[in-house]
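Colleague: Take a look at the following structure, please.
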Amino acid sequence: MEPTKSYPGITSPISLEGPKPLDLKLSEKMEEAMRPHGVFESEAEMSHRMEVLHKINTLVREWIKDVSRQKNNYPEDKIDAFGGKVCTFGSYRLGVHTKGADIDTLCVAPRHVDRSDFFSSFFEILKNTPEVKDLRAVEEAFVPVIKMTFDGIELDMLFARLALPQIPEDIDLRDESLLKNLNEKCVRSLNGCRVTDEILHLVPNQHSFRMTLRAIKLWAKKKGIYSNALGFLGGVSWAMLVARVCQLYPNAAPATLLHKFFMIIHKWNWPQPVLLKPLVHENKYNLSFPVWDPRVNTSDRFHLMPIITPAYPQQNSTFNVTLSTRSIMTEELKDGLEIVSKIFEGKEEWAALFEPSNFFQKYKHYIVLTASAEEEKDYLEWHGYVESKIRLLVGNLERNPCIKLAHVHPSPLGPLNESDGEHLCRWFIGLTFVKIENQNQNVDLTFDIQSFTNTVHKHAYHINLMKDGMKVEIKHVKRRQLDLYVPQKVLLQSKKAAAAQEHRSSIGNAAKSEASQTLHHSRSDTELVRSNSMSVDLSEEISQDAESSRDSVKSGSGSSSTSKEAINGDIRKVISDSPVPTDSAMQSPNSKREASPTGSESPVKRSRSQDDQNVLGSSMNTGDSALNPSRKREGSPLRAECPVKRVKSEKDASQAAIESPMHVDEITPLKEEEGSEAEVKEESEEKPIVNQHVKRLPSADVPDLMSPQTNQNLPVQVIPNKNIRLKLK
């Protein structure tokens, strides 16, 4: 008897079926469709990257030798043994980097080399190196980094000092013993390499994983949902989502994995976490670093889309995600699933998946955020600083009761003409407002925007970043005014993408209506009578189907299921088999408010999260308790079978409403006095989901600078923005 093969992941695979000839053919076409977008590098470009890494590694080793001679007076025969190494992580280490992409590197040094040496003596060495351009150090960042362009390749270099006298050449950074006696900055710097190596270790087929991840990254960048700093998902988060799908289908082809990715992630029941391996709270080295766990850490309960890193200490890589960005990504995942499904049916080509976003045609109102500086060196620092604070502006706009959605475009645009100046960039935020029928709206965004500009200028002065010429300006423009800020080429691409999307939706709607008409005419009166007679026992048949689907899943995980019901059953099983219990701890206040209807809604209306829960089933419970959480005695009638009580008067009706088992928020209170027609319509308007959340805690790096009031003692002049007031018809 052959031993059973073990697969990585917190659950067993859904299917072990290998690729079919159609899957391999579609995978080849997918690779061909990605080549025009600069996804793959040539051999010459790859060799050039290797040369750059070799040069920077030589500089690091020579610098460690110099520090050893100057600080510690070590003998020459021992200096060569100290070692030192430059490790890579991120997209380059995963093998999915694109043309012109940067390289994330980590400088690993022995214990006698300090971080202050890295930002002083090594920084001076880089400054005197002729191949180095655009050199700048960000020592005050959450993860301190040196940014540069080395011989045409952008490099981001972190620093970590290990508690070792020597750094061996074959060191494995996944070893948890290396974290002993390290400070938090070194642990955070090591985390990038440790997470990347752990992802590659937990993936069953690295070739299929890399090809699928290339397609997902290209799709996310084209759709404008690729940016960790702006509240979307970064490269590591997308990689972990793809890795989880690869664990569920270890033998599938890249095209099949891409289809399964959209199918599973689109239906994922957030805020349930995505895990590549079980959470580890205790280790044999007695390390006490905090690990993501909403049962222990109160702040973890507010994370909307948790994707947990696999390396210790396990953390959430998507803590910047907001309600707006999550809804935007969910909508894009839904569109991606429709396109890939049509590709497998032969109705679409892969080029349709990689079309650019229609962002500049999607909204009627936009906020234009302009960051500028006079000197090039100041502009590079100012650009990165303002980009890291944009999520604060999006948060201010989300909290405005008149705004339903705030969508920031991750890719900034440069100056449109010479009058704008050379060192300037613009970010665009699309706005969707809450609509009130038959009533004009007056929206005032002055307070939200002015508080953001005050925070940016104050904190820049607080960290000694503010210099003369640095400016932040914010304006409101309508869609017809975008040609004053956006190049015509970008606008034409957006219009083309909007037209293609509208064409696909019209074809889909026509097909659905035709299918419904065909189904309506094909059903005879006899079938209608039979369906009416069978509707009495429908609930019993559904329960029997659920039991049979669970038995089929338990009988063999390796068997492939071709029916749509079996696939959905497998997905429900994967999502429900989570080791993290989340009754009240996992359900954040945001998700609770989304799940319950507002007071102005009728009991029939439900939010989107409730519909997803009905599709996926109970996400955190397994067994019979998930299907029937409130167990009753045998023979007792179900709630749906209970007869409705008859009431005779309004008093009895109100009493029956109070005694009925519906949620308290479903009961609409009676008004004692009737207001105007506009007031009644405004109160009956359904509240948007994006505004139903608890006020977020201030950012950890700016704990006391959120006040919109300007400080009179501030030596730097904060430029006030003009009043931004809109009148919506």
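Backbone N, Cα and C define each Cβ position, glycine as well.
So TrEMBL has the following annotated:
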type     : residues : note
COMPBIAS : 554-563  : compositional bias 'Low complexity'
COMPBIAS : 579-590  : compositional bias 'Polar residues'
COMPBIAS : 612-628  : compositional bias 'Polar residues'
COMPBIAS : 631-653  : compositional bias 'Basic and acidic residues'
COMPBIAS : 662-688  : compositional bias 'Basic and acidic residues'
DOMAIN   : 9-203    : domain 'Poly(A) polymerase nucleotidyltransferase'
DOMAIN   : 208-355  : domain 'Poly(A) polymerase central'
DOMAIN   : 358-410  : domain 'Poly(A) polymerase RNA-binding'
DOMAIN   : 422-489  : domain 'Poly(A) polymerase RNA-binding'
REGION   : 1-21     : region 'Disordered'
REGION   : 502-716  : region 'Disordered'
Colleague: So what's the mean pLDDT when you look at the domain 'Poly(A) polymerase RNA-binding' (422-489)?
Modeller: 90
Colleague: By DSSP, what is the split of the domain 'Poly(A) polymerase RNA-binding' (422-489) into helix, strand and coil residues?
Modeller: 25 helix, 22 strand, 21 coil
Colleague: For the domain 'Poly(A) polymerase RNA-binding' (358-410), how many residues does DSSP put in helix, in strand and in coil?
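Modeller: Per DSSP, the residues of the domain 'Poly(A) polymerase RNA-binding' (358-410) fall into 27 helix, 14 strand, 12 coil.
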Colleague: DSSP-wise, what's the residue breakdown of the domain 'Poly(A) polymerase central' (208-355) into helix, strand and coil?
Modeller: 72 helix, 6 strand, 70 coil
